[in-house]
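Reviewing the structure listed below.
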């Protein structure tokens, strides 16, 4: 087919962060672009992920902040929390943001279809609701991911659980909640609901939460959960869930039974490629459903690309946005570049939160052998008058051979804000001497990042 024979220069499947950015940039570069989204514009982040979750984190933290304000002279009367009122405000803001995504696309000249697009062949898509067939010279898969749940055979009673999407539909605050999982979604919601007054139990198959993070970060978060009042049960999984007159009964692999009102499964996510028709287009998938791509986000089919969570590379919104932008600039803007997936900063919005960039101590030792470790643990200034015993932990992982800072890891209030700035230094290849030569900003918690001078030596060395 000639270019003129196609309906679109580019058709994007999915209206999440990566797809929206790619579609808008391509359209602004002069391409004729269509985009199909079957649910709501904005994808996981805006509608069912980081944005509404962060609002819940804020809501949860206010309770403790009000309590601690007494140490600074504030006297507050009777305090109550209205979950229904909060959720109304949350959904209103999500609606506003979703509408902005939709409006920006249309203002850029993108044809938006409120429909599900499925492959007919490598250049042809069918819209499921309307039955309309569309052709495109280039196609971008940006359908994201979804929470994974076990089957009824794998977990009897699984029909009684909610996933992370369902959290945002809870109009009443549960009195009791059991959470399965030890990743960032599980630990974040454990803190959120504990902070709101829910009795929370977290069940994790491993021994310490946040697998893949630096070991000391993992331990700090694990202990922080307990300090927040979360009951943490490790080395266990769910055997069954049964509905009772009093709520739900969760039976663990240890034989322990836990009575609860809500069960949240946060045990992983899966690419939204089921029934997408990738086989009809010849697009290769990994065993878990991820779309296989190269460093330029190209699939094995020459006219089809994929960005974001569906590729299984790094499931973070800013990554999807940059991947989508790089694709559009490369294919339509005459400015080829590719996303660099090294040294991506990330945060876990526990209470206190985690901020991390670069590699862990264990990974550094395995890769480079000799490394230097600098770390500190202190009670931040803001806690001195309010009785809060929560401490901030900071750690620098440094390559001994050239003193390059390989990793920065923080657990403490505002860790995410600190790590975004620290990420610039790590990305640029800053050394420990660069940190040492940077003047501290006082008084701040972040100043400790540039004032650590003593190398940590393991016991017995």
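Each residue, glycine too, has its Cβ placed from N, Cα and C.
Annotations in TrEMBL come from automatic prediction, not curation.
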According to TrEMBL, 181, 182, 183, 184, 185, 186, 187, 188 bind NAD(+); identify which of 89, 268, 277, 282 is listed for that same site.
268
Would you identify the secondary structure of residue 187 (NAD(+) binding site) according to DSSP, in three states?
helix
Where residue 54 (FAD binding site) falls in three-state DSSP terms:
helix
Would you pick out, from the binding-site residues 181, 183, 268, the residue whose Cβ has the largest number of other Cβ atoms within 10 Å?
181
Within 10 Å of the Cβ of residue 50 (disulfide bond), how many other Cβ atoms are there?
18
If you measure residue 45 (disulfide bond) to residue 54 (FAD binding site) at Cα, how many Å is it?
10
Around the NAD(+) site (181, 182, 183, 184, 185, 186, 187, 188, 268), what further same-chain residues have their C-beta within 8 angstroms of the site's C-beta centre?
189, 209, 210, 266, 267
